[in-house]
Amino acid sequence: MADPANIVWHKTTITKADREARNGHKGAVIWFTGLSGSGKSTLANRVESLLFASGIRTYLLDGDNIRSGLNRDLGFSEADRKENIRRISEVAGLFVDSNAIVLTAFISPFKEDRAAARTRVGNHEFFEIYVKCPLSVCESRDPKGLYKKARKGEIKNFTGIGSAYEAPESPELVIDTSEETVEESAQKVIRLLEKSGIIKENIGQQDPAKGGNGGNGL
Ligand SMILES: Nc1ncnc2c1ncn2[C@@H]1O[C@H](COP(=O)(O)OP(=O)(O)O)[C@@H](O)[C@H]1O
Ligand SMILES: [Mg+2]
């Protein structure tokens, strides 16, 4: 590891404020956490589509996609899960600096790791969304067939079965996907971003399938 005393942050000419002024919205991380099959990816994709249709700069970081590249050297031990989240937080932080609204869809089962992600990104730019759904419902959905494998003992440390999920205590938003539709949930996330001043009001109404308004949400 490099000696931190020899690493000096180089301030960039173009600042975060410059990017905000150009794009008309702030950067933020929308951190979806919840059991496998709770609906993190489904919801993150829907929210991203709504934002994108309104001209907002977005990027979605999703579990398996990151694990197949940047984090392919990591497994599912506690130490590896921690390192997984640490790297994702760093990447998300860079994207926020680039003025993007980053949506992350990782189980991220441990409170301590999510708290560290919040610290890395900055509290006012970090929105923790607890995608709540009973284990029995997640298991009946089993979109990737992973619960079935975990029950057969083919996957060790599977969250909810062989490994704990620590529910958030004070997330910015709780969404119960066993009670509400994807559309209702997505609108709640959009409203949260509006209320928090990350994006201007009244965006996210367009249907991305119809191409949106092409504007920047102002
Ligand atoms: N209200 C809802 N919100 C999100 N997903 C839902 C909802 N109702 C049913 N589903 C289904 O549940 C599954 C969730 O899978 P996914 O989004 O991949 O979960 P995760 O990313 O949390 O592992 C999908 O098949 C989705 O269609
Ligand atoms: Mg997913």
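Every residue number used here counts from 1 along the chain in the order it is shown.
Using N, Cα and C of the backbone, Cβ positions are placed for all residues, glycine too.
What TrEMBL says about this one:
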DOMAIN    26-176  domain 'APS kinase'
BINDING   Gly34, Leu35, Ser36, Gly37, Ser38, Gly39, Lys40, Ser41  ATP binding site
ACT_SITE  Ser108  active site, phosphoserine intermediate
Give me the Cα-Cα distance between Gly37 (ATP binding site) and Ser108 (active site, phosphoserine intermediate), rounded to a whole Å.
13
Residue among the binding-site residues Ser38, Ser41 whose Cβ has the most other Cβ atoms within 10 Å:
Ser38
Number of other Cβ atoms within 10 Å of the Cβ of Gly37 (ATP binding site) across all protein chains:
24
Could you check which of the recorded positions Leu35, Ser36, Ser38, Ser108 have their CB within less than 6 A of ligand 1?
Ser36, Ser38
For the recorded positions Gly34, Ser38, Lys40, Ser41, Ser108, which residues place their CB under 6 A from an atom of ligand 2?
Lys40, Ser41
List the same-chain residues at least 6 positions away in sequence whose Cβ sits under 8 Å from the Cβ of Leu35 (ATP binding site), in sequence order, or say none.
Ile107, Cys133, Leu135, Cys138, Thr159, Gly160, Tyr165
Taking only same-chain residues 6+ apart in sequence, whose CB is under 8 Å from that of Ser36 (ATP binding site), what do you get?
Ile107, Cys138, Lys144, Leu146, Tyr147, Phe158, Thr159, Gly160
What is the Cβ neighbour count of Lys40 (ATP binding site) at a 10 Å cut-off, with all protein chains included?
27
Using the CB centroid of Gly34, Leu35, Ser36, Gly37, Ser38, Gly39, Lys40, Ser41 as the ATP site centre, which other residues of the same chain sit with their CB within 8 A?
Phe32, Ala105, Ile107, Val131, Cys133, Cys138, Thr177
Looking at the domain 'APS kinase' (26-176) alone, can you tell me the average pLDDT?
96
